[in-house]
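*Asks:* The structure follows.
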Ligand code: ADP
């Protein structure tokens, strides 16, 4: 398997650093990041119809309906730059979405190569998110929305790991450490799967 065909998913609780690490890994492998949260936020900022549809949902920390989210991801993955690989951040987020993604990838003769799980304890997540709230002022980083999003992560998102775990493609990475250390842990895990650029 060469790097150009890496199809990856990065999963972790809110505040695990998956957005930051996703960008770093994507750059290293020359593949695009497909972040559903970023897509929604860009639409909210741009005042699009989609943005208007989802703004209250994001502020509450609820999930956008599966069908809508699935359509957006399929559209994005159908763009040319994702033909040779991609890193998904924030999708799939529940087992129904796993089913939708699997169906879509299978229709193209594709499958995920690896699932990177960034492991961070809940207390650490809350601490980091509280800091982010002060620095960035994201409208869903209120104490209530943070707790709600973490609950959804534990109840709905964590179970998707069982599906991919059965397939033997989950790499559990310790998400506590410096940014560079964590990037190195991830690239080492991907390298072990043969997923890396020749140095
Ligand atoms: P975080 O991981 O900090 O919650 P994200 O940027 O991944 O941040 O997501 C922000 C919000 O966007 C979520 O709380 C949810 O409202 C919406 N969202 C993102 N991805 C999905 C998804 N796969 N399904 C439904 N809603 C999503």
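The backbone N, Cα and C atoms fix where each Cβ goes, and this holds for glycine too.
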*Asks:* 36, 41, 62, 63, 64, 90, 91, 92, 93, 97, 138 bind AMP according to TrEMBL; which of 108, 149 goes with them?
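*Replies:* So the AMP site in TrEMBL includes 36, 41, 62, 63, 64, 90, 91, 92, 93, 97, 138 plus, from the candidates 108, 149, 149.
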*Asks:* Quick check on the annotations: TrEMBL lists region 'NMP' for one of 35-64, 155-184. Which range is it?
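*Replies:* Within the set 35-64, 155-184, TrEMBL attaches region 'NMP' to 35-64.
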*Asks:* For the ATP site that TrEMBL assigns to 15, 16, 17, 18, 19, 20, 177, which of the candidates 74, 132, 193 is also assigned?
*Replies:* 132
*Asks:* Given the AMP binding site residues 36, 41, 62, 63, 64, 90, 91, 92, 93, 97, 138, 149 in the record, what is the largest Cα to Cα distance, rounded to whole Å?
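*Replies:* Largest Cα to Cα distance for the AMP-binding set is 25 Å.
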*Asks:* State the non-local partners of the region 'NMP' (35-64) in its own chain: residues 6+ outside its ends, Cβ under 8 Å from one of its Cβ atoms.
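*Replies:* For the region 'NMP' (35-64), the list is 19, 22, 72-73, 76, 88-91, 93-94, 139-140, 144-146, 148-149, 152, 156.
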*Asks:* If the criterion is a C-beta within less than 6 angstroms of any ligand 1 atom, which of the binding-site residues 16, 64, 93, 138 pass it? List them in sequence order.
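*Replies:* Checking each Cβ against ligand 1, the ones under 6 Å are 64, 93.
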*Asks:* Using C-alpha positions only, work out which of the binding-site residues 62, 64, 91 is nearest to residue 20 (ATP binding site).
*Replies:* 91
*Asks:* So, by DSSP, how many helix, strand and coil residues make up the region 'NMP' (35-64)?
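*Replies:* Final tally across the stretch: 23 helix, 1 strand, 6 coil.
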*Asks:* Return the member of 36, 62, 91, 93, 138 nearest to residue 132 (ATP binding site) in space, with distance defined Cα to Cα and candidates limited to these binding-site residues.
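*Replies:* So, of the listed binding-site residues, the one sitting closest to residue 132 (ATP binding site) is 138.
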